[in-house]
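Notes follow once the structure below has been shown.
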Amino acid sequence: MNTISSHMVGLLEKLYRGCGYLAALCIFTMLVVIVVQVVMRWSGVTFPGATNYAGYLMGASIFLAAAYTFHEGGHIRVSLLVERLGRLRPLGEQWCLLVALSINGFITWHAFDATYWSWRFGDVSSGQDAIALWIPQSIFAFGSLVFTISILDHAIRSLAILRSACNHCRDSQPVRNNL
Amino acid sequence: MDFTELAIALLLILFLLLGSGVWVALSLVGVAIVCIAVFTGRPIGSSMYSTLWTSSTSWTLTALPLFIWMGEILYRTRLSESLFRGLSPWLGWLPGRLMHTNIIGCTLFAAVSGSSAATLTTVGKMSMPELSKRGYSDFMSVGTLAGASTLGLMIPPSLTMIVYGVITNQSIPKLFIAGIIPGLVLAVMFMSYVVAWGILKKPKIEEEQPMTMKQRLHESRLLIPVALLIITVIGSMYSGLATATEAAALGVVGALLLAVIQRSLTFTALMESLMGAAKTSCMIALILAGASFLTLAMGFTGLPRGLAEWVGGLDLSPFMLLIALMFVYIVLGCFLDGISAVVLTMAVVTPMLNEAGIDLLWFGIFVLVMVEMAQITPPVGFNLFVMKGLTHYSLGFIAKAAAPMFLIMVLMAMLLIAFPDLATFLPSYMNEATM
Amino acid sequence: HADVWDFPSPQPANNYISENISWFADQVREATGGELDLRVHPSGTLFPGDQIKRAVQRDQAQIGVHVLSAHQNESILFGIDSVPFLANSFEESAQLWEVTKPALTELMAEQNLQLLYHIPWPPQGLFFDREISSPEDADGLKFRAYNTATARFAELMGMTPTLIEEAEISQAAATGMVQSLISSGDPVYNHQLWDYLPHFYDAQAWLVLSHVFVNKERWDALDEETQQAVLDISLQAEQRGEQQAKELTETLKSQLSEKGVSIHQPAEKLREEFDRIGEEMQEEWLEKAGDQGRQLVEEYRAQQ
Ligand code: NA
Ligand code: NA
């Protein structure tokens, strides 16, 4: 049981980190696209759709990096109240994670739904790239799915802490977790 | 729909989500969802998705991750240290000494970038650690950075001015020019605050070694690479080699080149800088996307427009009208990002201004001060969020540190009312010159 | 109780398009006794231009206005109003609209949209930073292209197409990154580009049309009486819009010349060049347009 869950944890961390690397790659590619566009303009050639591609790459990097950023504590929050909850803190954390999970689950659901309908309707970008929109949209959907998984992952871990806190109710000090 | 009821309900939900510690970007999305679900009959999911999608893939936003990456690169090279060593001989005589680098740095970088988040991360990433190391108060550092980085909106180029110019049919080049003097005046006011702090608080800062002029000039050679980088970026914009967005990419290339020349960037450091940029821009862009969804929700309810209409109905004198609008924008700016508040109300406000005989070009600069304020007012203040991402101080601490800067901006707004020439002098000269 | 519809427009409140739809909204409100309440959101406040069609399709907004030719990647038919020199006066544009309206209505219906009416923009002319007396003068100039068709136009003129987003256009013109562009004059006036592009050539290349459309489910849910009332008002708004565009064409010219722009009629050589480009681009368009597009153009040409 323990080895399975630690194996799972390892896999998930790899997933977040992997998505983080992909996000970094997107930013790097975005730089290349923009520089190529500038240099091509200097030499009197156009790069149709360059601004659209740069936009998609940025969107992809934002959503791919979301889970990694979350896992590393990079998304910001007002932690004043939660930190003052003392031994009730795990409960507070659980509330935050559940709210975050439902909001992000909602986003992910609609990201997949919208991507599916883009694909069904054959939606194309109105820019010069004229790309089928489901392609960049599916990266968005994938990124927000991984983000949801990471929130769920943290919620489950926090639940475990909450349970052990209840078990040791009598002799425990305020419980901290690393979120 | 009763607007008071609506406003109170929204406030409560916002405070509940933000206050209980739900991550900021998701809180904004959450409030918007509830707002649309309860107060309008519009489809939630699909409009949420379109807004998040449009906002996170917009071309003009691409400059943000690039400038953040540039900051991450500079932070990992010796450039930031040399910047301080180069500047310190010149600032030694001024009370507050190196604390002024925050403001000077932001003012210079404001001329490079069109957004305040980019200005803040780039300058803050370099200066915060150096100032801390030298024993300067973090409270002052945080406050001056959060405040002065809003100059990114006022000093050209400015994305916010472009948005304002397009909505109100004002010439964007003229708006750009109009922002220069007020931007510099604001910078001087921020510096006066630091001077006052230096005199009154007598902070314990390491004394720098006294230097001869020759030594000073010698130390200043360290400023050359940074100066070159800034000149490259600004030069590319004004010579027509690149658009304001593309200039960010040239800035990154320049920073990479400098790092390579200095041999201060290893592959690991390069990877770290990229990962850092991915993380920070993800955090900021998600909040921006959440804020634009909240803006859409507000647009559906008609709340900002209702507020502006209410002011219009009061039948005020031009001066009182400006004061009332300032109040409206401060309140809206607490919950929306400043330019969204302006966009949502402009259709109602423009006729009021025309009737009162207020020049729309001047009002653009006035409104820009309001937008700058909105960046540092809690609970939804963009620079506060970015600052928190940089330092891990609590939002309360950051907001408190930035409060004096907010007051300075209120003073600036009053100055603009008293001396409208501050904004209109340069553009009017531009008119005559081209006639 | 009243049905409230959100009505996004990409143009600012004082632009004639937004003014026209505000008038339309007022008339509809009055005619339906407030039962149908259209709330205009100008300046792209609710949805940016590119998103309006999709937003109305999915009922995020219920009615909207945008230029359909911006969506010609989806269906080439949407771009029929922007084929160079096919319909280059208000009269011809109106004829082309009459011919294409049934096909467009059908195409829109497939996308859950009901087409109501259209508003023409003033004819597209060319702005340059210098005087152009023969086609050679334009050789190698940097031309702002905003889609495939305008890029192709630049190529055929021997100019270099340059992609500049709307937000960056004034910086680009001020720094010489753009030396020429094609427009109805309205953006040039709004962005105050006259200092940088002081020569206007009244090429009358084509007339861009803005279209007003409703979510089809919303439309079908209205009773027949309301539908008829709205259609009647649409007709009036359409006539008003055309009148406004005609007046704007003249106002713009006088406003621009007041700002120091010289208004030129293209010299004969230039006119011939335009005709050549027009023929070539019309052929290219017809090749892509398939049977339906070809039929529509033939039908339209037969009326000339
Ligand atoms: Na700036
Ligand atoms: Na604020």
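The chain as shown is numbered from 1 upward.
Note: Cβ is positioned from N, Cα and C throughout, glycine not excepted.
Keep in mind that TrEMBL annotations are predicted by a computer and have not been checked by a curator.
The feature transmembrane segment is assigned by TrEMBL to B:6-39, B:51-70, B:99-123, B:135-155, B:175-200, B:221-241, B:247-270, B:282-300, B:320-348, B:360-377, B:397-419. What TrEMBL lists as domain 'TRAP C4-dicarboxylate transport system permease DctM subunit' is B:12-421.
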Contact set, same chain, for the transmembrane segment (B:320-348): CB under 8 Å, 6 or more residues outside the stretch: 10-11, 14, 160, 163-164, 167-168, 288, 291-292, 294-295, 298-299, 304-305, 307-309, 311-312, 314, 356, 358, 366-367, 370-375, 377-382, 410, 413, 417
The transmembrane segment (B:247-270) and the transmembrane segment (B:175-200) contact flag, 3+ Cβ pairs under 8 angstroms: no
Per Cβ pairs under 8 Å, the stretch of B:51-70, B:99-123, B:175-200 packing most closely against the transmembrane segment (B:221-241): B:99-123
Dominant neighbour of the transmembrane segment (B:6-39) in B:99-123, B:135-155, B:175-200, B:282-300, B:397-419, by Cβ pairs under 8 Å: B:282-300
Whether the transmembrane segment (B:135-155) meets the transmembrane segment (B:360-377): three or more C-beta pairs under 8 angstroms: yes
Listed stretch, out of B:51-70, B:175-200, B:282-300, that has the most CB pairs under 8 angstroms to the transmembrane segment (B:397-419): B:175-200
Surrounding residues of the transmembrane segment (B:99-123) on its own chain - C-beta under 8 Å, 6+ positions past either end: 63-64, 67-68, 70-71, 74, 83-84, 87, 91, 131, 136, 140-141, 144-146, 148-160, 162, 183-184, 187, 190-191, 194, 197-198, 230, 233-234, 244, 247-248, 251, 280, 284, 372, 375, 382-383, 386-387, 389-390
